[in-house]
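The next block holds one structure in the form of structure tokens; read it before the comments.
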């Protein structure tokens, strides 16, 4: 754990956030105010001119931390509701010495606690421990601090005074100002829990120490006993006698109120408006009379939403659903029950769901979908009708955000509107619970209709003509999809959608970014691998290249009748060594040639790719042509030296043959001479690459079904498949560009005595056609095909194999600082490449699972060691408090003030 004085990238970011929200204390204010004016601090402590976080400052910081980063959001779009006031509990817990504000040391302590796995339980414990510590200080002994980083520390060693714990909860209840809760006495009385005695213990076995409970016991109580106690209390306080059946029942409005009270922080808000008990054929109840059995079934479902979410995901996986299937394939209650009860590979071995409970689940999902349809078809003209704000979110997801330009102002405005709409929905749905419970028309409450995409409504219209005044429950029930269920059982559904889009956008931007060191290193890395791969390919086929050059250099067929005859004569006269004459310049030249060609082609393909990552055929041709043009600058000088050395036995006398080497050729030609035939070289290499690379890509895609961006296709090919792809692509490219290769070779060698001298490309073409015929333009063509095809096959196969064997190193922002472009708020945006953020994303998928969906349930956390997800973790802490007592949802400043005063009174109490 880092100290507050540690100077790291993370600490600097933490300090920047603190300074952005902290309130500077005035220099003339030597003592803090004793009042609570506008979130002020409590008196008694000497103040300096340091910056501090007041209550409202801290709550604003946590609430606004969702937008700290411009590239991704921190759970902005979760469908459950976490009141911002609960963050005041964290403020109270981490305020050392009950100062009434947080200084920078408190802030760093909070950041350190968030690093622990069980940070939410630690903060919950610290909240109640403050009162125990205050009592102990009043008696005299000092209170020891706890090192939560100690791996030997057990939650059984952390305990609380049970009587003080209960007194703290009673203090919370005394602060509640909700008339409905107060009038109906919806307070958990811990003194009435008969099972509590089984959790308590006495430190050191001494009765005078009083009963205590450990943190482990408290967690067990929250996870088990309190759930039942809340339901019993709620039903007992609100139920009334139904004279028809002589049984106790509650109304739908009362049920919804209890659901909001107990689970609004954990389940999607859409559920509250999707209850309609009159549609339950298997339960003898209606919206005015809901019996205890249905009441418990509903909360049983809610408590097991996580398992249900995993079941529907497993259903999609077993049936090999694609993302589209998840949205469109229908599922019935019988289908789901049959799947859950399958004997082999059973999912729910411990938790069981009855048919009545599954019917209740489908009723909720059906009502939600029906309300969505009615809201979208409210008027006769859907295009001009009013849509709820949440339908705008759906339009944004499926249109603007996916296809928008991240760098454009229009995109930024759309994203801001998206955020505003979402906030309005949350605020509208949260409402005043008192007013909602007394309202007779619950349909007037704003409905979460957001998450059915427009094509689903079109799908409804195509399947069945339905009037706008209603939908058949049976019809909607039959038309439910897995996605419909996911929207109900998973409060992170929308956030997961947005998160995947953000990951794809970060990945897309990282490919084209040229402002950071990593892309530069990436090019050097590709250049090196391309060089080595090119040398391997050149050495394998160099003898064929020798035959090709000799055949193209001769102006008649007096010496070599064909390629085979040429090969045999070279072997007989010059030996095997003669086949590799000029190999040195070839290896020197092939390294930059192949490396430049491969690197430029990769760069151009990434630059010209569309938003969906695909490349049109003209763009593929442009990419290949650009790569071929760039290589000529480096390779033409070395190629002319190679050719001179390859034909020296035919054009140089025996006495002078040994004196001809690469250095002598360079001295003889000079700088300008080294670029002789460069124009013909361009005419050869540009069309060659323009033909080769698109052909290579299409053979891999169409013949071998290769597409790493498509989960339904292969993301890796075998070596032989790479060789075949490269070899087949090289054949048409090599043969069709042979005439330009012949012209280039003729221009780059000196003619023998009596042979015509060429004055440029067109003169050479006319002379060859006139003196030798059109057939001479394809001299060495078979040898060129045999050389180029396997050479590029070996080169590209080696290039891709090296990429797999020697992956590029990944950089972390903690070791390599990169400049930022557009700081947002207190933090700069993310500038890392996707490989640095998400190394797991680069690992190949195991197996051939068709439903390797990137739309549901992302398992990637975009927070590295340098980025901080305050909002998500603070929400987890808030859930822990609300699970313990739902009244923590109203821990506003007035409540905090009473807790602060009570704690100070305990400290100052004299015994």
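Quick reminder: no glycine exception, Cβ is built from N, Cα and C everywhere.
Given the ranges 482-502, 503-523, 524-544, the record in Swiss-Prot names 524-544 as transmembrane segment. The feature transmembrane segment, as given by Swiss-Prot for the ranges 558-578, 621-641, 642-662, 684-704, sits at 621-641. Checking Swiss-Prot for transmembrane segment across the ranges 432-452, 453-473, 663-683, 747-767 points to 663-683. As annotated in Swiss-Prot, transmembrane segment covers the listed stretch 584-604 rather than the other ranges in 395-415, 584-604, 815-835.
Mean pLDDT for the repeat 'Solcar 2' (615-702) in this predicted model: 80. Under DSSP, residues within the repeat 'Solcar 1' (521-607) fall into helix, strand and coil as 75 helix, 0 strand, 12 coil.
Note on the repeat 'Solcar 3' (717-805): DSSP counts are 71 helix, 0 strand, 18 coil.
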